[in-house]
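Look at Swiss-Prot and you will find 13-33, 47-67 tagged as transmembrane segment. The domain 'Rieske' annotation in Swiss-Prot covers 117-221. Look at Swiss-Prot and you will find Cys158, His160, Cys178, His181 tagged as [2Fe-2S] cluster binding site.
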Amino acid sequence: MESVGHSLLTLSVLCPVGALLLCWVGSVLLGAGLLPSLTLSTRDPSTTLSRTPWLVVLVPLLVLWGWRWLSRPMELLRSPEEVGYIPERGRSRAQTANLVRRRRMKGELPPIYPNGWYRALDSHLLPPGTVQDCTLLGEQLAVYRTLEGKVYVVDAYCPHLGANLAVGGKVVGDCIECPFHGWQFRGEDGKCTRIPYAEKVPDFAKIKTRPSCELNGMVFVWYHCDGIEPTWSVPEQEEITKKEWVYHGRTEHYVNAHIEEIPENAADIAHLDFLHTPGILSGVDLRYTKSRIWDFVKHSWKVQWIPEPAPNKHCSQMLLAHSILLFGKHFPLLDVNVVARQVGPGIVFLHFKHAFLGEGVIVHCVTPVEPLLQKVSHSIYYQKNIPALIPKFILKAECIQFERDVMIWNNKKYISKPMLVKEDAAIQKHRRWFSQFYSNNSPQITFQQEGLDW
């Protein structure tokens, strides 16, 4: 990913320089008679456009610009109010979103923060010697990287007088230094190692640290309500580590729903044939997705959801066969098989393989920001020998389908005891599987007339 960034930076510098160089070379070659002049015939034969090297400059410049545009990773970051709401007359998007959130019935909710690993941020956003602020599970964290490349995660607020270590804090060795009084805390165990104006550092001077890991181009943080150390690991996608698959972009959305509702979609097989059958040209507004204008393109889905046995009982799989119908006709060459492997409550690897479009993975991560606000990211990695346009199209198509779900989630009520038919059996099975990520002390919220009661 870093090499892609360097390539784009280099190209952005070289494009204007290359254009000037091509212009100069073209002028020299034309002056020497080594290139043919371009003649523009008009009614007046004496009018000619000659000795102009525009073609020599324009064509390579357009090629360079096109290559740069196609190679650049697609970054589509949506704000919380941007997707999933029907605008109300006389109100802005933000006002509409806030109104819907206030008046929506919440239902009888499960615990709000399941135990597990969660994505904090992407690795390329944390260069050596820097610190980033991160909101995770209702808390503020400081994520920093030492000059040697090691990543640590600590509470953002200094236990001395509460300064935010991620706002002006400095990385010193393997410690982070508070911008307020210069206290330094070691990332490994949180121990304060230096107070500039104190003769001795007291033993009680510590900051809370969080278990973390870095792989697949991301930094993950472990959460357990009882402070238990990690009981399972985030799997490594070897093709990403070996750079056989390269990064082509990500999307990021905010969803106003309980975290469990998002992965539950994998077991809600019936919704695929109803919500996601219309082609992507039908858009994301559910009022219009079934318009007959785009009815000639339809998606077909065959899905199976299964939990994995021990020792991987924290994992489950959705096996999906996708096909496209054009004017009611099936084209087998467009079929795609997807294996979506859920690891814990907040990480999914959507591995897809196509006969001639190649192979790749979308890493789907759900991170609770606060009780009913989830940050959902989709990062795509694809075979490096496949044109970048292919994975970017796949990511955009995934984004459109996902935003249809967002419109449902942002406006729905959670029902703890849903009215199910036998064809919905996988939903109840998924809820039993997901319950393993809650424990007796998992935080809960209840909603009363007077407000929010924690």
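Cβ from N, Cα, C; glycine included.
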Averaging the per-residue pLDDT over the domain 'Rieske' (117-221), what integer do you get?
98
Can you give me the residues near the recorded [2Fe-2S] cluster site, meaning same chain, not Cys158, His160, Cys178, His181 themselves, Cβ no more than 8 Å from the center of the site's Cβ atoms?
Pro159, Leu161, Ala163, Leu165, Phe180, Gly182, Trp183
Sequence gap of 6 or more, Cβ distance under 8 Å: name the residues on the same chain that satisfy this around His181 ([2Fe-2S] cluster binding site), in order along the sequence.
Cys158, His160, Leu161, Ala163, Ile195, Pro196, Tyr197
For the domain 'Rieske' (117-221), what are the DSSP-based totals of helix, strand and coil residues?
3 helix, 50 strand, 52 coil
